[in-house]
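Listed in TrEMBL for this protein:
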COMPBIAS  10-35  compositional bias 'Basic residues'
DOMAIN    29-132  domain 'DUF559'
REGION    1-38  region 'Disordered'
Amino acid sequence: MNEPSGTRELRHRVQPPRPVITKRRPGKTTQARRLRHDETDEEHQLWRDLRNRELHGYKFVRQVPIGPYIADFLCRRVRLIVEIDGFQHADSERDNRRTDWLNINGYSVLRFWNHEITRDRHAVLETILAAVEGRIFVRDEVLRFYPAIVPSKVRG
């Protein structure tokens, strides 16, 4: 197939990075199944809007084991993880380590508080849509968006 000069290189650059390590730890699949069954009200509300490609055709899955963690929601196509946090997550060092690990392994993370789902689910869905469409791509503490870390190419 004949491609214009530079097209192949450009296509390579825009593809999401592959994870370094995503091997599941023993018991994570069972734990994920249990979490799907014991979901919070907020997770249930958001899942109604994300399942079956309801958000502009983007496919999401829920309670997905990724390495040592379980993501609340994942859009594999764009490697976006959506997390719903309760009060116990406020300024959590554990959550920071988790987000860093996911970012380093090629996943962007978007976090919402429980009350945001309950009070303004429409705004939450608009923010998720902006992230999957690439309209949010830099770290944003207000939106609680943490982009994947793309390794820089070594120049030779």
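A Cβ is built for glycine as well, from the same backbone N, Cα and C atoms used for every other residue.
Curation does not apply to TrEMBL; its annotations are automatic.
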Give the mean pLDDT for the domain 'DUF559' (29-132) on the 0 to 100 scale.
89
Where DSSP helix means H, G or I and strand means E or B, what are the helix, strand and coil counts for the domain 'DUF559' (29-132)?
55 helix, 27 strand, 22 coil
